[in-house]
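These notes are about the structure you will find just below.
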Amino acid sequence: MRRFLPNLLRLAALILLIAFLVRPELFEPLLKPLVQANAPAIYNQGSLLSLTLSHLATVFTATFAATLVAVGLAILVTRPVGAEFLPLSRSLVNIGQTFPPVAVLALAVPIVGFGEKPTLIALFLYGLLPVFENAMTGLSTLPKAIVEAARGTGMTAWQQLTRVELPLALPVILAGIRLSVTISLATATIGSTVAAKTLGEVIIAGLQSNNLAFVLQGGVVVAVLAVLIYDAFSAVERALARRAGRV
Amino acid sequence: MIEIENITKRYGDNTVVDTVSMTVEPHTITVIVGTSGSGKTTLMRMINRLVEPSEGMIRIDGADNRSIPGYELRRHIGYAIQGHGLFPHRTVGENIATVPTLLGWDKKRIAAKVEELLTLFQLDPSAFGPRYPHELSGGQQQRVGVARALAAEPNILLMDEPFGALDPVIRAKAQDDLLAIQKHFGTTIVLVTHDMEEAFHLADKIAVMDKGRIVQCAAPEEMLVNPATDFVETLIGTEERPFRLLSIGTAGDAAEAGEAQGEPIAASLSQREALSSLLWSGREALPVVGSDGAPLGRVTLAGLARRAARPQ
């Protein structure tokens, strides 16, 4: 019952978002007061729905790749064989995080050209750190008795990892992915400066033509997406943690 | 049978286990006692190769324990630890099924085994099987931990302070359960503890370790009468000796012919518990009854006092 009201609000936000993306003209009266006479109130240089979908596709592709690499690295450096790679891995993902995505875009365009690719590279690098650090924490703070029991029952190293360590670290790893996705959702908008199809296109169009309604709709759609996806991840983490008796 | 021959474990310059040799007879309970850092846990963990020895050899039923891969070996040796180590993301049933699953038993056989073990440990299979470990009490978790160790019907069960995290009431019950289970399966048990009370209660043989060496390995009575060193004597506790002696035998063994008044004593209780009942009830003698309630005679203060005296 305690979660009823927030969930109702989330559902309402989701319905409004879908309605806006599918039939934006319905919301025209609301946005009309924000624009000068004769200027369009609804983005008219492309479909909002397809921009949103390609925005999400970019974010998820980049985060998925970042997750694979970051979790892979974390697994490697938490094994006895890979322990010496920990400082190196940590520096690598830290560089990925400190390098501003704008700079990555600027550097990547001459190499891979305009479009989705430079954005994917920037988001991938930016998304590594939260996933890596959380996966490290999750895998290295497992209760000793449980890891010991896994070995004692005769699991091979691979079985210990896949049957015990990863499932138990999953809620913490998911929290890292959640952070990464949320940051990427917002950061992806700047990809439109190098011609990636993202919701940034709407915001940039609004800035260029001094159209507040465009800026607002681009921004709000990204924000609502971020909140909903963040909450969905949190809910999955809670469910997993509850099952494992960690709360 | 476990034969440990000149086994040594060094970590750098630090010798944790120092040329230890001992033999564990099949179907017996051997308890390894010692202070913290005496190497008792390391010695036990070398049996299932959780720790690889620096020197020496361990044979299990005649075969070198290095003749098969470590994980393969561990699937055939039960292992129960303090704080149970149950997998929190798996149900009680799945936890118990861990080793049979690794061994590739078919589903029906696994299900039957899980049910058998839960019943044996007085946990209702339909109620407890689907629960998660954190929904159980400490005593129940500990029983599931032992059940998991026994699931693949190992001949050998290694236990590392299995009752250390339990409160005294549950611990006594868990110890008695273990004795019953050992009788039921005939498992060879090696148990590590620092609790002498526990050692005397459970052991067929006690091995005392100090600074990486076995100081004495003997039957409990033998150890009481002839402690090999001062260290063993200190560990036993001189003022505890008569009571330790009494805690080895059962009231049934001490029963004499005759009758007595008062609340009867079960034959399966230790003589120490019988003495305690006599003292507390203020009587000279109490009747002893078997598990079926049939009278077996009586225990007397004088009789127990004779048994508590140093054997000649």
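Don't overthink the numbers, they just go from 1 along the chain as shown.
Cβ atoms here come from the backbone N, Cα and C positions, even for glycine.
Pulled from TrEMBL:
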type	residues	note
TRANSMEM	A:51-77	transmembrane segment
DOMAIN	A:52-233	domain 'ABC transmembrane type-1'
TRANSMEM	A:98-115	transmembrane segment
TRANSMEM	A:121-147	transmembrane segment
TRANSMEM	A:168-192	transmembrane segment
TRANSMEM	A:212-233	transmembrane segment
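Note on the transmembrane segment (A:51-77): residues 21, 83, 85-86, 89, 92-93, 116, 119-120, 123-125, 127-129, 131-132, 135-136, 138-139, 161, 173, 176-177, 180-181, 184-185, 188-189, 191, 196-202, 221-222, 225 of its chain, located 6 or more positions outside it, place their CB under 8 angstroms from a CB of the stretch. When Cβ-Cβ distances below 8 Å are used as the criterion, the transmembrane segment (A:168-192) is approached by residues 55, 58-60, 62-63, 66-67, 70-71, 101-102, 105, 116, 118-119, 122-123, 126-128, 130-135, 137-139, 142, 146, 198-201, 203-204, 218, 222, 225-226, 229-230, 233-234, 236-237, 240-241, 244, 246 of the same chain, each at least six residues removed from its ends. Long-range contacts of the transmembrane segment (A:121-147) within the same chain: residues 58-59, 62-63, 65-67, 69-71, 73-75, 77-78, 89-90, 92-94, 96-97, 99, 101, 104-105, 108, 112, 160, 164-166, 168-173, 175-177, 179-181, 183-184, 187-188, 191, each at least 6 residues beyond the stretch ends and with a Cβ under 8 Å from a Cβ of the stretch.
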